[in-house]
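TrEMBL lists 32-41 with the feature compositional bias 'Low complexity'. Marked as domain 'Amino acid permease N-terminal' by TrEMBL: 103-154. Summarising the annotation, TrEMBL assigns domain 'Amino acid permease/ SLC12A' to 192-694. Look at TrEMBL and you will find 703-827, 857-1070 tagged as domain 'SLC12A transporter C-terminal'. Residues or ranges marked as region 'Disordered' by TrEMBL: 1-98. Sequence annotations record features per position, and here TrEMBL assigns transmembrane segment to 193-213, 219-249, 270-290, 310-329, 338-359, 389-411, 423-441, 501-524, 556-577, 583-601, 622-651.
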């Protein structure tokens, strides 16, 4: 076959070429489809000789470009149709492996899109996963560059498209999920959420405190107390459901929901105290169980030592037993919860059955079954012992703090998005109805006070006895004097009395306490494990490790056990119990606030599938939670808020490197957008002027001195944009912006793609910014090496300055005699001690420090000086001066920048000295006039120097040096014909004509003379700020202007050439 490509048939695209081949085709390898089809047929797919195996990213559904096929390798009848694509199956037939072409429509293996063999992919849920989730693996869609780039580029690059880089925590999660896939135990909404929440809400309060609450508050207010608690928990349940259905929910419960909604600051602070509260709650419930056991032992005179130590012994043994159940695995724990649930339901049913069975033997103790007289008597409150409505509410509310028991094990739920809303809300409804039913039942069949004496029956008339018991034949009036042990007010075990079988109520109390303790013992490690995985707090990652197929946090279990045991040994939790309730309430408040915040932010990412929520209701819920916190215990509420605030400040200061797309970010964007729009309607005013700088920095790490100096006078004052003119199309904006944030430089990185500096600068000058947040000052580094390069670069450089002035920008040039650009210094050098901190600037962005594996390379003396100079504005300036040479009035920018610098901590020890031009016979007058002006501007200065000798002739040797500098750039039109001179000037417009040189002789001499004066007066200054000389556009050539700037600033300390846009930036009016 001929080496020359043949012409393609009409109507077809030409074949694509590859380097090194005369003609080629772009072959797409449908690895995943071929493998899937082969697997479906029960046959292992064949791998063509010389091709890569379909592993790695191909196994995840990625398409790869295999090679470019030469027509010489194809069958003679293949043709040269550029649109024909061969599939893997068509390349290797089953008949001897002969290769043949297959047309698109005859190919058996179609690719992802409808009817076209292409690597472009149709929508797929697996493209949108963050990690390898249990419901499916994360696949990577073809990136834009893979579909769009030229074929001579490598189409697939390692990494994640669209900046979807996984955090360390997500990588670990993905790894763990992929390892454990197939063997995990997942729960549905009944076993995983409903039963857990009901067991936690039905605590000991139901059996040993509800009757007392009814006795104190009465039926009506008791129902009001229960309903208030239900309102709080129901609103929180609705908010929890909204957050849980706004995306995939992983393990971590309340911590995960809050942190992913409000960000790591709130999530990290509430996650820690929530995990701790659950750990202490284990002790609270275990001690409640132990107290009941010890009371039973005491009733049969079987105490082991004394009451307190017996509680410690029983509590410790119980905690060890619960730990064993938890460590055995979630499945065993779930089975134990079901057994306890059966006992608890049986105990509740036992009570209601017993309430309908009146027994004569129980009447002296106050139980008469349902009676209208008793119900009416108990309808109102009868507060005793300084109790109030709110104190009784504070005692009851901890019973309602179990609504997150299901959400806390969200990682162990088969479908958290469905299970959490259904299970949580149904649990609140069922338990709320039971609590109200128990309250009404207690108040309808039991009197408040009873003696327990069979002899206290009514004798005589009812005139002196008005209680409900009197109508039933009993006189308990003696109880008004105190001392009675029975009735709602006096007996905590009334429900055992009422029940059909008393021991079953005791079993119910055991079940309630143990189930709550078990739920807390499971919740705390799960929440703590999720918190540790995110590395919010240093040193805690050791507790993130999971064991077994369910990745149980055994280390966190042990830690929870130790914390719980410490409080069990105290054996008295009356002080710590309110704090626990406040910790739970703080979590509820933040969950409600999360929904309000997310709704207020109006982020497109806030799309919960659960629709029955309202942002204002959620806000009301958050406020209610805060109110309840203070009602329960004001000092505990203050302590809780103080701890949350302290942890919030700590996490905010540490700034963990996580990005969860929180509503805080969304609201911040909304506020920024709103304020920016409002700002556009405000006219500029001199008093509000601030330098907003477009810094032509190139790569942000290449000119650190320029960045740090500009940052010094723009930080917290004005806008700073790092402009970068690039000739390649690589988009690395996010990468360099992150670097600016890491180095704490408050600036934006804005690259543009252009042919040269001037074109790129024009783009930046015209388009950078938003509304009023637009640059008004262009900042350059001085082009030190301008004489060594091509003069067209100088022409571009000077024209860029002219463009800035044309657009009414101020211009600032910084010159360091050592230079500014350190980008040529590579990693692997042996650093001087003083440059250790600077390694961040010049090392590769992907490494934290210089590559120590490379052989060390010593810096040249010039580079050592350059590095030292490049960090001089990074450190605090020694005592010295900022010399301001305010020679021409540019609107005041030359004076404003030094003033802003001296306001900063690093420059505070520097004093401003002002130098102005004047006449010899008016020096005192000019000094007083300038002092008066500076005083009106309220700018402090240490000295004012009036220069009366600016216009005298410069020294001869300096003039000679100037002439030598401009000699190579003269046009020398007298030595050639006029036509030739004009042609040369047109081709090289930077050349200096004799006429131009003579016309601006005085101005040239002034620059030479000013340099002499600068060396005389300011050679020891920390910084010199001088008004930049202007050159008229189209009249002064680039070479002459550049020579002026070079002559003026050479051999001096750091010098800023400043020229405002001649609009006032200073005012002395209020």
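Yeah, the Cβs are placed from backbone N, Cα and C, and that goes for glycine too.
Please treat TrEMBL annotations as automatic predictions, because they have not gone through curation.
Most Cβ pairs under 8 A with the transmembrane segment (389-411) among the ranges 193-213, 219-249, 270-290, 501-524, 622-651 are made by 193-213.
Sequence-distant contacts of the transmembrane segment (310-329) (same chain, at least 6 residues past either end, Cβ-Cβ under 8 Å): 185, 282-283, 286-287, 289-291, 293-294, 297, 303-304, 336, 514, 517-518, 521-522, 525, 548, 550, 552, 554, 557, 561, 564-565, 568-569, 571. With pairs at least 6 apart in sequence, the transmembrane segment (338-359) and the transmembrane segment (501-524) have 3 or more Cβ pairs within the 8 Å limit; the two touch.
Spatially, the transmembrane segment (219-249) is adjacent to the transmembrane segment (622-651); three or more Cβ-Cβ distances between them are under 8 Å for residues at least 6 apart in sequence. Among residues of the same chain six or more beyond the transmembrane segment (583-601), those with a C-beta under 8 A of the stretch's C-beta atoms are 232-233, 235-236, 239-240, 242-243, 246, 254, 257-258, 261-262, 266, 270, 273-274, 276-277, 401, 403-404, 613, 615-616, 618-619, 621-622, 625-626, 628-629, 632, 640-641, 644, 663-664, 666-667, 669-670. Confidence across the domain 'SLC12A transporter C-terminal' (703-827), taken as the mean pLDDT and rounded to a whole number, stands at 88. Secondary structure of the domain 'SLC12A transporter C-terminal' (703-827), assigned with DSSP and counted as helix (H, G, I), strand (E, B) and coil, comes to 48 helix, 26 strand, 51 coil.
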